[in-house]
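Enquirer: Look at TrEMBL and you will find 26-44, 64-85, 123-143, 155-175, 195-213, 234-256, 262-282, 289-310 tagged as transmembrane segment.
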Amino acid sequence: MLFVLSGQAAATLLGRLYYEKGGKSIWMATFAQLTGFPLLFPFYCISPPRNPTTINIHSEQPSSIILILAYISFGIFLAADSIMYSVGLLYLPVSTFSLICASHLVFNTIFSIFFHSQRFTPFIINSLILLAITSSLVIFQANYSNSIKISKENYAVRFICTFGASAGYGLMLSLTQLSFKKVLKRETYMMALEIIIYQSLVVSCAALVGLFTSGEWKGIKREMQEFELGKLSYVMTLVEIAIASQIFTIGAVGLIFEVFSLFSNVVSVLGLPIVPILAVIFSHDKMNGIKIIAMVLVMWGFASYIYQYYLDNLKSESEKTNVSEISKLSRLEEDS
């Protein structure tokens, strides 16, 4: 959870810093988000101790072709999702961007119903309604930013990109969990790392191709020279974005691996109200009444879902206890 919360906040704020101080390349910002995977190589080489979560679900292992197709598919999907996030962050204030991103919990819940038979309960419905209201408030709030002047049409495009990226992220979390069970057929520490490393490799290649085919690479040298904080800070900002994004990815996939895709999404939603507060402190982002109300609604929606998760956990523990007691009674009867 700490990885998800800290990585998400740092990556968003650093991405905004890159744009505010002179960064203009959407493809470079996207590339920076996805190139931190070499940090995982030492962990990949270290064999973890065996525990119950590293037991294979099926004895049959997927073929190399299936694995390659899965990694490429995830990578291309993540590349498209990341570029939409970069477009949204380019012009939207950090607080607005973060509140729109809260909508990915709604999409993930919907996809979980189809892929994982997630059931609707009053608390989950309440959570979804609150997050839908939050997105509506952000749409109709008129104060975009004092420092960034864009037309309503451009604002709408950035909003749609961020909203679409949130939908894609919600879908990807559900598909990642589904692939663990149905395609990859393993829920292991090594498989979780492989998914992160290989899909990040594919995405990095896709972003690099986009950087060169778009012609943005020609302006990188000038962009570095004109960066307000200096050349070294330009490089360090991109490196820090890569590290923070990788920390978030590790946390998100880890929660999918250990718990459930919807819970991973809920934890990331918990971190979204943190980002606007930090943006006000460090980026001097404007905070108006509508955004404050939206933040409160996000936290309310989060609390509603967590309470439902707590109830489900209690029910699950109770069922396990009953099964254990029945098993003990049956053994006693057999012994007698």
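Every residue, even glycine, has its Cβ placed from backbone N, Cα and C.
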Enquirer: With the transmembrane segment (26-44) as the reference, which stretch in 64-85, 155-175, 195-213 has the largest tally of C-beta pairs below 8 Å?
Expert: 195-213
Enquirer: Which range wins on Cβ pairs under 8 Å with the transmembrane segment (155-175): 64-85, 195-213, 289-310?
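Expert: Against the transmembrane segment (155-175), the leading stretch is 64-85.
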